[in-house]
Each structure stands twice: as structure tokens, then as C-alpha cells.
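Note sheet for the following structure.
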Amino acid sequence: MKAVLIRSLSGLVYMALIILPVVLREPALFLAVFAVFIVLGLREFASLVNLNRTRPLRAFMDGLFGAFLFAAIFLYGSDRMDVTIFIPYIFYVLYTMVRSLYSDRHKAGSDNSRTFMGHLYIAATLGLGSLLLVPESIGRELAVGEVADFTPHYFLFVFVLIWLNDTGAFIAGSLFGKHTLFKVISPKKTWEGFIGGLLFTVAGALLAGHYSGSAKHPMELVFFALLVTAMATWGDLYESNLKRNAGVKDSGHIIPGHGGILDRLDSALFVFPAVYLFILIFGL
């Protein structure tokens with residue numbers, strides 16, 4: 001009972017950290033919260049892929065510039081800054097490569113690859129997700145001096161669909177699960193769970209479209225839900241594979257009863273880029 005209570009409370013705190021900055025429409029608070037998520041996520045990723053960071057300063061710099069990349073994508077995408085915002089990050093990439101000439105040369109390629117893979121996997125994907133908070137800036141040029149409005153609807157909509165998918169997959173998998181989806185990586189995931197997650201996600205997308213007065217055709221919403229479900233499942237499987245290769249059950253222990261930050265964000269890391277591309281192609 002105590003474990004369930006701890007899991008529930010920590011889950012509520014995690015949800016509040018995501019929802020409150022968005023609902024309050026506080027870009028600075030949102031960036032700060034997700035910067036912390038990214039720093040923690042990169043630390044977990046480094047552990048999973050055996051990116052040894054024996055020097056604390058290097059680990060700190062990796063996290064700092066990962067968070068910077070995330071913020072730069074949001075600030076540039078919402079027209080709050082111009083493209084020069086990326087210059088510090090580019091110089092950090094160059095610095096890291098030059099540094100490898102003088103330290104740990106024998107593993108420079110693998111270390112650099114894993115460092116920047118982590119930045120792309122976590123910081124860049126969440127950066128694309130952050131642009132859902134400024135949807136009017138996606139796929140069009142804003143007027144000179146115009147700044148995209150910070151609005152919570154699309155961002156929260158995607159998170160709700162991800163949570164619905166998780167819920168539907170858990171319920172259907174628990175009740176009907178027999179046929180494993182990817183036994184080698186995640187023996188507990190089943191096709192029945194996948195279908196349950198898809199049905200919950202489709203229902204959520206159609207209900208949201210109906211009550212929001214969306215001009216989207218229902219089939220577009222169904223396709224959108226299928227996209228979210230597929231990418232969420234792949235995101236979950238990818239992180240599960242990292243954990244399996246590392247020989248651990250959870251990516252970390254920062255969220256009691258849930259594991260690490262990556263355990264909570266794994267689906268979103270794959271969903272956000274796909275949703276961003278969907279909006280570019282089909283519009284809002």
C-alpha cells in the first residue's frame with residue numbers, strides 16, 4: 001500500500017511539473033523545468049550506454065549544453081531569437097572533438113558519438129516538442145518582430161494521447177495479453193496491449209477533435225492517433241533495449257515508483273518529432 005501511495009504521489013508531482021508551467025503560460029518556467037529533465041535524462045543515458053564520465057566537469061558540460069540545445073530550438077523556433085543562438089552549441093561540439101585529440105584518444109569516436117547521440121535523442125526531440133507550445137510558428141515565417149504565442153493546447157493534447165496509449169496498453173495487455181510484441185526486448189508487451197493503446201488513443205483524438213471544434217477530418221485524427229501509438233511504442237521499446245543491454249530494470253531512480261526521467265519520457269522522445277513532421281505536412 002505504501003509503495004502504491006509513493007508511486008501515485010511521485011506521478012502527480014511529475015505531471016504537475018509538466019502541466020503547470022504550460023497552463024500558466026510561463027515559457028521561462030517551462031524551459032527551466034525541461035532543462036532539468038534533460039540534464040537528468042542525459043545523465044541516465046550516459047549510464048545506459050556506458051559513456052564514462054569520470055571527470056565531473058565533462059558530465060556537467062554535456063548536460064548544460066544539452067539543455068542549451070533544447071532551449072535554442074524553442075527560442076529560434078518561436079522567433080524569440082535568430083539562428084545565431086546555435087553558435088555556442090556548435091562551438092561546444094567543436095571543442096569536444098578537439099579535446100578528444102588530447103584526452104582519451106583511443107575512444108574519442110565512440111565517446112563523441114554517444115555524447116551527441118544523447119543530445120539528439122533527448123534534447124533535440126524535446127526541443128521539437130516544445131514548438132508545439134508555439135504552433136503558429138510551425139511551417140511558416142512569422143512577420144519581423146512577431147513572436148509566436150505560447151499556448152498549451154497542442155502540447156498537452158499530445159501528452160494526454162501518450163498517457164491514454166500507456167493506459168490502454170496496460171489495461172488490454174493485463175486482461176487479454178497473449179501474443180508478445182517484441183519478446184527479445186520486452187516480454188511483457190503484447191499485440192493486445194498495442195491494440196488497446198491504439199483504441200484509447202483514437203478515442204481520445206476523436207473526442208478532442210469533436211469538442212474542440214477541430215476542422216480535421218476524423219480519418220486524419222485516426223491517422224494521427226496511429227502515428228502517436230506507433231511512435232510511442234517504438235520509443236518505449238528503444239529505451240527498453242538500452243536498459244536490457246545495460247542490465248538494469250530502470251534508467252534511474254529519480255521518480256520513486258516510476259524509475260528515471262527516461263522511463264517517463266521515452267515515448268515522448270519518439271512521438272514529438274513525428275508530430276512536428278505531421279503538422280508540417282498536414283497543418284494544424
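Each Cβ is built from the backbone N, Cα and C atoms, and glycine gets one as well.
Annotation source TrEMBL lists transmembrane segment at 5-24, 30-52, 59-77, 83-102, 114-134, 154-177, 189-209, 261-282.
Of the recorded ranges 5-24, 30-52, 189-209, 261-282, the transmembrane segment (154-177) has the largest number of C-beta contacts under 8 angstroms with 189-209. Between the transmembrane segment (261-282) and the listed ranges 5-24, 30-52, 83-102, 189-209, the one holding the most Cβ pairs under 8 Å is 30-52.
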